[in-house]
Amino acid sequence: MLDVNFFDELRIGLATADDIRQWSFGEVKKPETINYRTLKPEKDGLFCEKIFGPTRDWECYCGKYKRVRFKGIICERCGVEVTRAKVRRERMGHIELAAPVTHIWYFKGVPSRLGYLLDLAPKDLEKVIYFAAYMITKVDIDSRHRDLPTLEARIGVEKQQLEDKKNADVETRQRKLEEDLAQLEAEGAKGDARRKVRESAEREMRQIRDRSQRKIDDLDRVFDRFKNMKVQDLEPDELLFRELRDRFGQYFEGGMGAEALQHRLADFDLAAEAESLRETIRSGKGQKKARALKRLKVVSAFLNTRNSPMGMVLDCVPVIPPDLRPMVQLDGGRFATSDLNDLYRRVINRNNRLKRLLDLGAPEIIVNNEKRMLQEAVDALFDNGRRGRPVTGPGNRPLKSLSDMLKGKQGRFRQNLLGKRVDYSGRSVIVVGPQLKLHQCGLPKQMALELFKPFVMKRLVDLNHAQNIKSAKRMVERARPVVWDVLEEVITEHPVLLNRAPTLHRLGIQAFEPQLVEGKAIQIHPLVCTAFNADFDGDQMAVHLPLSAEAQAEARILMLSSNNILSPASGRPLAMPSLDMVTGVFHLSRVSEGAIGEGRFFSSVAEAQMAFDAREIHLQARIQVRLRESTPPAEWAPPADWLPGDPFTLETTFGRCLLNEALPEGYPFINAQLNKKAQAAIVNDLAERYPKIQVAATLDALKSAGFYWATRSGVTVAIEDVVAPPNKAQILDEYEQRAERVEKQFGRGFLSDEERRSELVQIWTEATNKIAEAMEANFPETNPVYTLVNSGAAGNMMQIRQLAGMRGLVSNPKGEIIPRPIKANFREGLTVVEYFISTHGARKGLADTALRTADSGYLTRRLVDVSQDVIVREEDCGTERGILTRIARKGPDGVLVRDRYAETSAYARSLASDAVDAQGEVVVPAGADAGDVVIGQIIEAGIESVRVRSALTCESRMGVCAHCYGRSLATGKLVDVGEAVGIVAAQSIGEPGTQLTMRTFHSGGVAGDDITQGLPRVVELFEARSPKGKAPISEVTGRVKIEETEKTFKVVIVPDDGSEEIAYPVSRRSRLRVREGERVEVGAQLIDGAVDPHEVLRILGPRQVQLHLVDQVQEVYRSQGVSIHDKHIEIIIRQMLKRVNVLESGETTLLPGELVERARFEGENRRVVEIGGQPASARPVLMGITKASLATESWLSAASFQETTRVLTDAAINARSDSLVGLKENVIIGKLIPAGTGISRYRNIRVEPTDEARAAMYSVSGYEDGASVEYGAFGAGSGQAVPLDEFDYRSSGDYR
């Protein structure tokens, strides 16, 4: 087999008949599969052992040779080679066709490649291929020209002969008539009889003349057709064609079916055609030019590659290996078979019948019909259903053809090449393990034993508990006591990977050190639940085992959960205290007024601990404590003689002293009440300042303290804890009266329905807020429900309002607010009507969530596809450029404060230029990493904006460079070379997709003014679609004039430079952003609404459209409170603007109208300019992510994304070569991905094991029988059951 590591690129092309015969190991001549009695393959059939290899290892068909020692011998009796059975997965056969057929991909695809090449309409092409019309394939123009006078004379003579014969015939008839009349007269017949005879004779003479004239006309028609005949003419009239062939057969050739096309392609002059097309492009206009451009693409593809157009017509069909289209016996003795066998059988049957008809010399019409059926059979085999009705199997199910095998989620690409099931894995339900450390997980003993089985067996043999692997295996299966001790030893320091589906971002798979636990559930640490988005209501997780030393090292160093505290999307910690932990820490840091022991002094925390143990002080009592080892809090005012490092006395509580013991040494003492936000801020600060190990230890300490004190805080919720405000009825009365007044005014006709609605909505919104305030004021501090909300542990005030205040206004299915409020709360209970109108919103919410999940998943898939080859390829690209970002703004008091968006824009980037203050002094040099501390320094120096490096300005030819990307948000350090930043970006944008809303907001019930928001808006931006009702932007600088007509406004801009005025018609409903006489700059938005990004690109250029898109995407995410760093969005947008559209090709090899990557365009121009030629010109193009993914240079990546057959057709014609730079291409062919530790600079390092390591190496393979089993490149040996398409082996999916 081919070793994937020995080639660097993969080319696809058209196979000729000779190629197919070369691949083949023999011709399949019979449609038989296996013998019904012996169940062995039939000779020369679809499963023939002679062609495809033996069905049993080292055994021929007739059984003469059985054993490895006969390896390589070909049995002289049955002709089968003695070899391994797995060759049946790789050996191909072929079918020799009795008549050529066209390949349906090239004729039926859109656009039809065959049609473009031959300049034939697809309809005409179909007529020829399916035997409905003849096609002229060759005309001998010279001899026709030479012999034309002779032929004309000959035709003239023939016409004269016809004329003479007609005259003679008419004359004879005339004579006969006269004789008849004379005879009748002699007999004395009546005039009536004589008239009848005369009419009959005249009719006959007329027929003679007509017949003769018709023959002469036919002669003229045949001769005219012959005179004007040219190659590629179609002739649907069979009689006319036969006449032509009989008379002038030596001057032309013609035919029908694929054979005619084959002759045509054989004589096709590509170079001449390309030259004439180039001439058309130079001189032509409009449609003609556009068609010539499209045709030139196809013609030049054949011209510039080794492909021959003859490859589009097949003389023989390849037969794929039998183990890839298996036939297996089911329990009932029936057989299940792959659809391909049925399709191949149809081809073979029709082919054999056609051969027989040809041998018999059957009439042409019968043979042509059989040829047509053969063509249709091959079409169905390649792409069933592409033309006409699909071939169906039992139960009217369309059969799966070769194309269907590749397409879609269940196709070869996505099901088997990009995602495989792996060994050494298990899955189980998860439960919480509060006793675990952050880097640990609890693994059920039985599962661990099964996962680590080979390691345990090897160790048992090493420790002499077992004689050989076989007995060790028996020991493990019987679970002897010694096995558990060995298991304990084997799993120490051997990390396992845990994964929870759906894996939306890289934190969905993390490594943990396993701890053996009883039971059958996996235990996970409570702090990693956020990253996995896991809860314990029945979620399941999968466990995978890294086997090799390298895999274990990577799992431990890169994937261990304690090394993944930060979110890759925002760079802030994800492992935050939540729920009970928040409650516990909140309880610890609280102060109770007048509690036991208030005001006492203690000389140390230990003394306070004694008092607490003796129950002399309350946890939350205010006490004075002398602290020695701590750093005082920032707000503490030190006495005059105090020096840093001295002990100090602080008014605090014993709880806060305990809390500070959980924090690292030297961290300022925290003397405040900590709700969730404050706790998050502390974790955030720790992550910025301390190493990861310390942060993980602190988090564990906080977790333990949180759980311990949450238990002891006694927070419980009873129904009496939901306290409704006592004055609720009075508040409601007041608003009831106001609402009544509005209803009366409406009844009298003072208000329109619209006004009444908005008034009522306003009144009841006020009422709801008033009641919420009263309710909040009414809650006692110590109320458990209030504590839960106040600490941030669970719920929010809106939910409490619904429990204890009033539910307020709800919306109907259309999304409009119903002006009747729900006055009750859940504590009192709703009336039936109130309950009923509540159900609208609830039901819509659930339906929305289901739709959103699917849409969000699809968006993530497209984002991954467009950005998968963006990898950090170099340290520094050396660019001077960057983008200007705002880092601070003036507060209300005129002091600079940090800009609220600095978190997602300037944070974690490298500075592109020095940050210089007003005095011209450098505060921070270029190249520095803008962390929180650096940003603080810059703001202190009074600088408002800085220039930072960005992926948008990076000049790396492939991927991005480390400095332009800046800090890796997941690690907090400068990004490593080899980091797959594109995929991280796609995950960071896609993962919160499910949190975005689906709705289109209705502004005041006006249908036309919907503003698209949420997920659909993000999709609209990334797909670069023109938004509905787009807002125009000014193309010039000038003054505004506004003209009103009945239906529209016209915004007219009078340019400053005196050129022609530009008018923008806008609807009267739109809100104008400009006033009469106002001066506007280029690119100013004229009305409210979404701007078309293509317009921004055209008017303001690529940089502005990049910033516009980043800003617009961020707007959607910010509105939902999701924090994503700009750099992720920039990477996607960089991919959208990677290509240019060639306008003039100059002397380059580029074609006008072609989309090429900017790097290739610049390289080609550089080459042409160096030799003194004329360079090409182009303009930048903004492509949506789907289109950009399909336009990628890598055909493997594009084919595995969407439109598989179209991509492969195109790639094959262009003989495209995939240089394997992205991730998907390498996964597909089974190479290490060129990212992370797979990039070449890491792959070239060899690690030599020490002697101890060599001794301790565990062998993993072949523990079944002690022998080393060689597995081929296609997976396990033939003993394995093959899942068939008929049975739906769906993956278990997400059980949540």
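Residue numbers in this text run from 1 along the chain shown.
Any Cβ shown, glycine's included, is placed from N, Cα and C.
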In Swiss-Prot, one of 188-209, 408-429, 1024-1045 is tagged region 'Disordered'. Which stretch would that be? 188-209
If you count the other CB atoms within 10 A of the CB of Cys75 (Zn(2+) 1 binding site), including all protein chains displayed, you should get 20
Closest by Cα to Asp535 (Mg(2+) binding site), out of the binding-site residues Cys60, Cys62, Cys75, Cys78, is Cys60
Distance [Cα-Cα, Å, rounded] between Cys78 (Zn(2+) 1 binding site) and Asp537 (Mg(2+) binding site): 62
Same chain, not part of Cys877, Cys954, Cys961, Cys964: whose C-beta falls within 8 angstroms of the C-beta centre of the Zn(2+) 2 site? Give them in sequence order. Glu874, Asp876, Thr879, Arg949, Ala951, Thr953, Glu955, Ser956, Val960, Ala962, His963, Tyr965
With neighbours defined as other CB atoms within 10 A, the best-packed of the binding-site residues Cys62, Cys961 is Cys961
Hey, how far is Cys954 (Zn(2+) 2 binding site) from Asp539 (Mg(2+) binding site), Cα to Cα, in Å? 43
Nearest to Cys961 (Zn(2+) 2 binding site) by C-alpha distance, among the binding-site residues Cys75, Asp537, Asp539, is Asp539
With the cut-off set at 10 Å between Cβ atoms, which of these binding-site residues ends up with the most neighbours? Options: Asp535, Asp537, Asp539. Asp539
Looking at the binding-site residues Cys60, Cys62, Cys75, Asp537, Asp539, which has the shortest Cα distance to Cys964 (Zn(2+) 2 binding site)? Asp539
With an 8 Å cut-off on Cβ-Cβ distance and a minimum sequence separation of at least 6, pull the same-chain contacts of Cys60 (Zn(2+) 1 binding site), or say none. Glu49, Pro54, Lys66, Cys75, Arg77, Cys78, Val80, Glu81, Val82
Cβ within 8 Å of the Zn(2+) 1 site's Cβ centroid: which residues qualify beyond Cys60, Cys62, Cys75, Cys78? Tyr61, Gly63, Lys64, Tyr65, Arg77, Gly79, Val80
